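Only one structure is covered here, and it is reproduced in the block below.
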Amino acid sequence: MTDNTILIKDALILNPLDFKEIKGSLLIKNDKIAEIGTDIDESNVDKVIDAKGKILLPGFVNTHTHLSMTLFRGLADDLSLDSWLNDNIWPMEANLTSEYCYIGALLGAIELIKSGTTTFSDMYFYMEDVAKAVEESGIRAVLSYGMIDFGDDEKREHEIKENIALFEKCNGMADGRIKVFFGPHSPYTASKDLLEDVRWLANEYNTGIHIHVSETQKEINDSLEAHDLRPFEYLDSIGFLGPDVVAAHSVWLSHNEIEIIKRNNVKISHNPCSNMKLASGIAPIQDLITNDICVGIGTDGASSNNNLDLIEELRTASLLQKVNLLNPKALTSNEALAMGTIKGAEVLGLEQEIGSIEVGKKADLILIDTNNANMVPDSSATSSNIIYSANGYNVDTTICDGKILMENRKLTTLDEEEIYKKARKAIEELKEASK
């Protein structure tokens with residue numbers, strides 16, 4: 001069997017491990033980075049990509065989203081989280097089918113690929129159909145079933161069976177691009193019994209946990225009333241936390257909770273645009289980073305963002321910390337770019353495979369075209385130009401697992417127009433069913 005080889009030639013290579021800028025080339029063999037240098041032999045290469053004027057980066061890592069909810073983009077804007085969920089999203093979700101979730105996931109996958117995200121972490125329903133969309137699109141994913149029981153024993157057993165079935169069917173699927181976590185929705189929708197069961201299951205299956213924690217002030221107040229403890233204090237008291245836990249949002253944190261997060265090596269997914277849009281609050285990201293806590297970036301769903309552009313999310317994260325702390329040096333462009341790449345990979349336990357440009361790592365890579373009005377002149381550091389000037393439309397090429405998913409802004413694995421047509425039809429049907 002011969003190797004499939006791609007040479008990315010004459011790029012400006014930026015590695016988020018050290019932020020050194022190298023003008024050179026990179027050779028991909030099959031699914032991995034095989035060589036990085038300035039004089040790579042191209043005589044026997046299957047394909048050469050001319051990357052002059054382009055920045056070569058690791059693919060972005062979106063550590064928290066709900067891909068199928070891309071169908072709900074713009075559905076319930078300008079509302080609080082409580083009203084958004086209870087009065088709009090949950091009633092609409094009651095009419096979801098596996099086909100709708102599949103279409104929504106395909107639509108989301110298009111947006112991810114076209115804005116340079118090669119890996120995403122998702123918690124939702126009908127996740128086997130999301131896995132199908134992942135397999136077809138060519139991207140990488142960490143999937144979990146959103147487990148909610150509200151203290152109902154029968155419901156708890158059902159939710160556990162659903163997530164176990166997802167693990168047994170989909171973990172390692174799509175040539176190993178899919179990894180499955182357990183996904184208790186939150187401390188306020190998952191009972192103590194469910195949370196304790198999930199902790200045991202994650203240990204038993206040697207996998208991670210994906211959960212929403214401390215997203216709103218109401219959640220804090222409700223937790224104090226129910227348990228006389230804040231959410232992270234409560235989770236710590238029942239032995240739930242650990243280095244395999246990814247806590248999305250983590251907005252309202254006390255000093256004690258930051259210590260709890262650090263002691264348990266919990267990973268954090270920061271979702272600034274969603275937190276701003278729902279007026280949930282501003283997460284203390286600079287404090288977390290200063291305390292050596294691993295923080296990645298997430299978009300949340302397009303229903304509360306309203307897009308999946310990770311460059312926009314990283315810029316927002318940086319600017320939000322600066323204005324909140326009145327410190328222009330808070331969350332620098334280097335720190336932000338690391339959040340979107342190597343730190344995101346670490347959040348998902350994938351830092352040995354993706355997130356940086358190193359020989360032997362998976363060939364999850366993107367090219368950003370600097371020959372655009374918003375990128376000229378490029379007199380600042382490259383990371384600054386990406387974080388403060390670029391957007392997803394500047395991504396020219398997206399490669400995942402050594403396969404080209406987009407080149408010259410053209411997708412290679414998905415039929416955009418057909419998916420757009422199906423998505424428009426699906427949301428109209430859902431609106432009609434929800435009347």
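Cβ from N, Cα, C; glycine included.
Remember, predicted model here, so these are calculated numbers, not experimental data.
Under DSSP, ASP300 (Zn(2+) binding site) is assigned to coil, being neither helix nor strand in the three-state scheme. If you look up Swiss-Prot, you'll see HIS64, HIS66, HIS212, ASP300 marked as Zn(2+) binding site.
Other Cβ atoms within 10 Å of the Cβ of ASP300 (Zn(2+) binding site), summed over all protein chains shown, number 27. Marked as substrate binding site by Swiss-Prot on the basis of sequence analysis: GLU93, HIS185, GLU215, ASP300.
Listed in chain order, the residues near the Zn(2+) site other than HIS64, HIS66, HIS212, ASP300 are THR65, MET123, ALA248, HIS249, SER269, ASN271, SER274, GLY298, GLY301, each with its Cβ within 8 Å of the site Cβ centroid. The binding-site residues GLU93, GLU215 differ in how many other CB atoms lie within 10 Å of their CB, and the one with the most is GLU215.
In the three-state DSSP classification, HIS185 (substrate binding site) falls within coil. HIS185 (substrate binding site) has its Cα within 10 Å of the Cα of these binding-site residues: HIS212, taken from HIS64, HIS66, HIS212, ASP300.
Site extent for substrate: among the recorded binding residues GLU93, HIS185, GLU215, ASP300, the largest C-alpha separation is 20 Å.
Just so you know, the Cβ of HIS64 (Zn(2+) binding site) picks up 28 other Cβ atoms within 10 Å once every protein chain is counted. Cα of ASP300 (Zn(2+) binding site) to Cα of GLU215 (substrate binding site): a span of 12 Å.
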